[in-house]
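Student: Dropping the structure in here first, questions after.
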Amino acid sequence: MTALAFSLPDRRRLLGMAVPFIAVIGSMIVGLLLIAASGKDVPDAIEAFMDGAFGSAFAIGASINRAVALSLVGLGFILAFRANLTNVGGEGQIAVGGIAATALGLWPPIANLPLGLAVIVPLLGGTLAGAFWGGIAGFMKVRFGTNEVISTLLLGFVALLLVYWCVQSTALLRQPQTSSATLPESLPIADAVKLPGLTGNSESPLHIGLVICLLLAIATAIVLQRSTFGLRLRAIGLNELAVRRAGMPGGILLVVALAIAGAFGGLAGAIMLQGEQYYLKTGFSSGYGFDGLVVGLLSRGSTVGVLAGALFFGFLRSGGISMEIMAQVPAALTLVIQGLIVIAVAGSVILVEKLQGGR
Amino acid sequence: MEEMLAIFIASTLRLAMPLMLAASGELVSERAGVLNLSLEGMMLTAAFFGALGSWASGNPYLGVACAILASVVVSAVQAWLSVNLRANQLVVGIGFNILALGATTLLYRIIFGGLSREEIPGLPKLAVKGLSDLPFAGTAFFQQSVIVYVGLALIVLIWAMLNHTSFGLSVRAVGDEPRSADKAGIPVAATRWKAVLITGFMAGFAGAFISIADIHTFTENMTNGAGYLALAAVIFGGWNIGRTVAACLLFGAATALQFQLPAMGINVPTAFLLMLPYLLALLAVAGVVGRLEPPTSLTLPFQRGK
């Protein structure tokens, strides 16, 4: 995979990678300054951050699990982006994936399936739900000419409210209301539906989602760089009209591209549910869709870039949470850092083009 | 029953107000070809700095000024990035929203920390003399915060500007055909800059409405998607100001219904009512309510000679 991704180790590629790197460093420095300005002890905060991100088997496992969800959304994003489609709906695709995985996982006939099918069927269900959600945007684009940015964004909000609906109504997924204190959440899924751990160490939450993610990352790299399908995506991204004139089924390709992006999001949702959260609640997707989009964008279309970005954001999130608990530095600081990185990278596109001596 | 209806109308207006302010501002920018996904972030920033200004100075009007200033600063950076640096407007918008959520939460914790939920000096409700005591219309229309009346005037002003001034014509020209506009001597970059600043101004007003006029405090992520709802209203309104304002009222009514219907013994899932605006906007962009024509160059940066 490394060979695939670094097959063009020229100056342009290095410059392209340097910008996110500089943005990350710069934003981290701003973050440190903010900690200092707020009167908190900087070494304390750094120690809490490191502890939460890398300090224990638990911390590392939790960070990598976060990175898995982010990578999946990011991989789906770069696939669709190859066809010049911007999928802003990751958050909603995670949500519908989570709903489907919960519904299937709580259904006894499926929870009692043998041979690991109790794990696999909800994962596939979540994937399909996400694919359907992304596919709607693709269909609207082809049939009505609706800009996918607008439709995926709107569908995202609908999906988030669907989660809210599901956990508010006992007719849907809400746990039976035994008292007025019953929380608006689903029942927890059975152990048979939970993703198996990867390390055998009961301390570490690391689960087989990592393996699934790495396999899909390799598949994505191959599809993007070595397959006819990848080539067609690129072609339609560059010139839709020409692709249609050449007799390729352009419309279907667009729907498939967005459905695949959605499928990755849906799978991420199912993995988040079956791997760590175990029950559905409002706000279940907690920003992973938008963060995954950011990861996809920063990667500039490279699979390795997605994995690296996702790891960075995964550790950033874990460290941020720990910083809030142990050093009283609000975890919102990590949002500030993320936002600055995104804006800096987006703003420097022209600069990079100039430096590369391109267009 | 009649009293309930009056209260319903009043709460619809109250809930629709920030949407109307933000959406009519955003409309100007979108007609000029710049999409501000950062609308949510601008509103949240404004809500925070409005609350901060009002709290620190004890004067809610100064608070409104702070809110507008903060939001205009955000919009200036957005304009610089999308017009001069030709950055991807969506990405920049998402970045701003993440940054605004993080920065306002962080500053709120640092500054207000222990005094969370402290009430800030708010704007008075202005009972219109002679009208506020009317039996039905009084409750429904004439006991609103002072900012409501100013806001409505601003919206009319934007309508007049877009449709009846040469600046409005330039705005539409650079949003549809920047190349032709450029050849006709209309300064594309400057026009877009002004349009985005107008969005910032209106979003600032909208944010100030939420924190200073309506809730009288700041809470984390208090705009809670209102900016996105305003974007949906622009879409549902087909980039036409009258229809956009109507869409905001409709969205406000849907939100108000979630409090009204249970009181009337009608059981409709809250989630459905909250979802309704987004579903309507989806139907609208699918062309179900008539063909929509977004500004031709929406989200496309302009560069002379390319």
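Placement of Cβ uses the backbone N, Cα and C atoms for every residue, glycine included.
According to TrEMBL:
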| type | residues | note |
| --- | --- | --- |
| TRANSMEM | A:14-37 | transmembrane segment |
| TRANSMEM | A:57-81 | transmembrane segment |
| TRANSMEM | A:93-111 | transmembrane segment |
| TRANSMEM | A:117-140 | transmembrane segment |
| TRANSMEM | A:152-173 | transmembrane segment |
| TRANSMEM | A:206-224 | transmembrane segment |
| TRANSMEM | A:252-273 | transmembrane segment |
| TRANSMEM | A:293-316 | transmembrane segment |
| TRANSMEM | A:328-352 | transmembrane segment |
Student: With pairs fewer than 6 apart in sequence excluded, do the transmembrane segment (A:252-273) and the transmembrane segment (A:206-224) have three or more C-beta pairs that lie under 8 Å?
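Tutor: Yes, these stretches are in contact.
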Student: Can you name the far-off residues of the same chain, 6+ from the ends of the transmembrane segment (A:14-37), with a Cβ under 8 Å from a Cβ of it?
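Tutor: For the transmembrane segment (A:14-37), the nonlocal Cβ contacts are 45-46, 298, 300, 305, 309, 312, 329, 333-334, 336-338, 340-341, 344-345, 348, 351-352, 355-356.
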Student: Take a look at A:57-81, A:93-111, A:117-140, A:152-173, A:328-352 and tell me which one has the most Cβ pairs under 8 Å to the transmembrane segment (A:293-316).
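Tutor: Out of the listed stretches, A:57-81 contacts the transmembrane segment (A:293-316) most.
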Student: Is the number of Cβ-Cβ pairs under 8 Å between the transmembrane segment (A:93-111) and the transmembrane segment (A:328-352) three or more, considering only pairs separated by 6 or more positions?
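Tutor: Touching, no - the transmembrane segment (A:93-111) and the transmembrane segment (A:328-352) miss the threshold of 3 or more Cβ pairs under 8 Å.
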Student: What residues in the same chain, six or more past the boundaries of the transmembrane segment (A:152-173), come closer than 8 Å to it by Cβ-Cβ distance?
Tutor: 86-93, 95-96, 98-99, 102-103, 106, 133-134, 136-137, 184-186, 258, 280-285, 289
